[in-house]
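First comes the structure, then the notes that go with it.
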């Protein structure tokens, strides 16, 4: 069977490229600390507004998605990314922090819509035995956006060894790419997804280089972990338990490494401005930062796979995705506020580590209740997508 734009795989890949252009570029900006601004307080407060609104609209976006459908929900969500990047470009000229913070809040509304629709499509469209693979495809494409954004920032700012705000040219390129992603959303078929280490410790060009490797690590983490979750040699509950065990070991090891690294500098110290040309002393912090990225991708892949294993109904899954993004964004809003008020870095790290450990029993509770087949077999898909999915079931 040849390629068809309205096939489930093509639609998930399309959403991957939309997120490549919009949230991917946003992640590249945010990874530089404060949206690439020298005064990181404005960016931090914009992130507080963003994730607060994201948490609220994460709960509401399931209903919005079920009313508007994925195309218009994603299109409206993507448009808010363009506005936010434009506000940072505007800040370069007029230092209007209120506009940037307001744009962050509006982005929170749009992000809730985008990620709810994306989650519903990514979890509902694939067959049960392919959900991990589809999630892996999406996550790899999405994170390539952050890789590209980091490459752009690295290339444009290569000669800047001191910390400074991003220039207009960098923001203009990001805005253009976000605009492309917004337009791609119109092609979707109608129905019938901390800066403490990088932004504080490294020079501007090294932050960009780190982000290239960080997002590449996310791609590797998502793809390799998706293969584990879709391994057909054991039942889904066993795979769920294997996945949780792997993630727990990787996370605890990485965070222990983070504790040792965090002891080398504090918020009271002058900014280290560490550069990649320092050689051996740069390698250790770089690998720690890369493992943060790998673990994050593996964790999110696992969470989406768990939700996808609970149902096959896009209407139900859009609510799951919205609720997940609500809780995730609530945590992000709190974390950005903690960072903005100057909390000690070691305290931030211990809070994160403690929350991770506290989440494991809940994940275990859910993993033990995964069945080989979801009880709901209703696929709220376009007729063309549903028929294509039926054809795949017959041929594979």
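Keep in mind that glycine also has a Cβ here, set from the backbone N, Cα and C atoms.
Curation does not apply to TrEMBL; its annotations are automatic.
As written in TrEMBL, here are the features:
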- 9-28: transmembrane segment (TRANSMEM)
- 48-65: transmembrane segment (TRANSMEM)
- 72-91: transmembrane segment (TRANSMEM)
- 97-117: transmembrane segment (TRANSMEM)
- 137-158: transmembrane segment (TRANSMEM)
- 170-191: transmembrane segment (TRANSMEM)
- 212-229: transmembrane segment (TRANSMEM)
- 241-261: transmembrane segment (TRANSMEM)
- 282-305: transmembrane segment (TRANSMEM)
- 345-368: transmembrane segment (TRANSMEM)
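The list of residues near the transmembrane segment (72-91) in space but at least 6 beyond its ends in sequence, with Cβ under 8 angstroms from a Cβ of it, reads 15, 18, 21-23, 25-26, 29, 35-37, 42-43, 46, 50, 61, 64-65, 97, 99-100, 102-104, 106-107, 109-118, 166, 168, 171-172, 174-175, 178-179, 181-182, 185-186, 188. Touching of the transmembrane segment (9-28) and the transmembrane segment (282-305) is ruled out by the presence of fewer than three CB pairs under 8 A, sequence neighbours closer than 6 excluded. Below 8 angstroms of C-beta separation, residues 5-6, 11, 14-15, 17-22, 25-26, 28-29, 36, 69-71, 74-75, 78-79, 81-82, 85-86, 88-89, 92, 145, 148-149, 152-153, 156-157, 314, 380-382, 384-385 of the same chain, each at least six residues beyond the ends of the transmembrane segment (170-191), sit close to that stretch.
Between the transmembrane segment (345-368) and the transmembrane segment (137-158), fewer than three CB pairs separated by 6 or more residues in sequence fall under 8 Å, so the two stretches do not touch. Within its own chain, the transmembrane segment (137-158) has Cβ neighbours under 8 Å at 9, 12-13, 15-17, 19-25, 27-29, 31-32, 36, 118, 122, 166-167, 169-170, 173-174, 177, 193, 204-205, 207-212, 214-216, 218-219, 222-223, 226, 297, 300-301, counting only residues six or more beyond its boundaries. Put simply, of 48-65, 212-229, 241-261, 282-305, the stretch with the most CB pairs closer than 8 A to the transmembrane segment (97-117) is 48-65. In this chain, the transmembrane segment (282-305) lies close to the transmembrane segment (212-229): three or more C-beta pairs between them fall below 8 angstroms, excluding pairs fewer than 6 positions apart.
Listed by sequence, the residues of this chain that lie at least six past the ends of the transmembrane segment (212-229) yet keep a Cβ under 8 A from its Cβ atoms are 24, 27-28, 31, 131-133, 135-137, 139-140, 143-144, 146-147, 150-151, 154, 198, 239-240, 242-243, 246-247, 286, 289-298, 300-302, 305.
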